[in-house]
Amino acid sequence: MTMNKTLSRALVVAGMAITTQAAASVVFYENENFGGRSFSAQKQVVNFERTGFNDRSSSVVVLDERWEVCEHAQFGGKCVVLRPGRYASLGAMGLNDRVSSVRIVSKHTRVDDQRYAPQPVPVYDNRRRNNERLYQANVTSSRAVGGTPQQRCWMEREQVAQQPQGANVPGAVIGAILGGVLGHQVGSGHGNTAATVIGAGAGGYFGSTVGRDKNGQPVYADVQRCATDTSQSRPDYWDVTYDFKGQQHRMQMAGPPGNTVTVNGKGEPRA
């Protein structure tokens, strides 16, 4: 007799599985998107200087409760309240590499809406519960999903064509339009596409030049060049399937899995 395998989803952003210390309630990462070294806390930390993680946090995962993070020690300076979830960039709230203290917010404390950080992505709490027994489940498949192409931009001084003398549109307006739409793509087309555009700032410069120069001579402008390499893009997450006691499970992970994943007796992800 064969066992029917059912598919159960451990939604990880409706639950993204986070590898963290078992007792951690908040985990800070030194890079955006939860990369690099991490530091976890289960209670308030009045000064990150003593942890070696002062002004190093770029993303954070809150597993439970509400936590207040502040830019100075002793909860001074700018402070933001975080709710349970995944915050891929502290820069979005003006605290990239600027966190120096953190403390839990009491359940009975009322917090004004403006003190909260933007709503986070939901997080799957994969901490071990009450010394439950853990097992290793075999990974049967994994797939990287999504990923934003990496873009690198730089400025170059370049000769540009001058507007004919008969133009009756003010130079600043011409510049604004060119800054918004002018551009062309060059490159191999195999995951490495380069684009050249006159950006908003350069466009304003070009427009003002058009407005002043009536001799039809070529002029120079600051041109922004950007190269996009899709082959270097970082996946948004990994879609992982694993087998435990004849039952197939599926979860999404922030990083690529190994040959096995840690689960409890129900096959639920654990760290």
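Every residue number used here counts from 1 along the chain in the order it is shown.
Cβ atoms here come from the backbone N, Cα and C positions, even for glycine.
Your range for region 'Disordered', going by TrEMBL and the list 30-51, 118-139, 250-271, is 250-271. Away from its own ends, the domain 'Beta/gamma crystallin 'Greek key'' (65-106) comes close to residues 13, 16, 18, 25-26, 28, 32-34, 41, 43-49, 54-59, 115-123 of its chain (Cβ-Cβ under 8 Å, at least six residues beyond either end).
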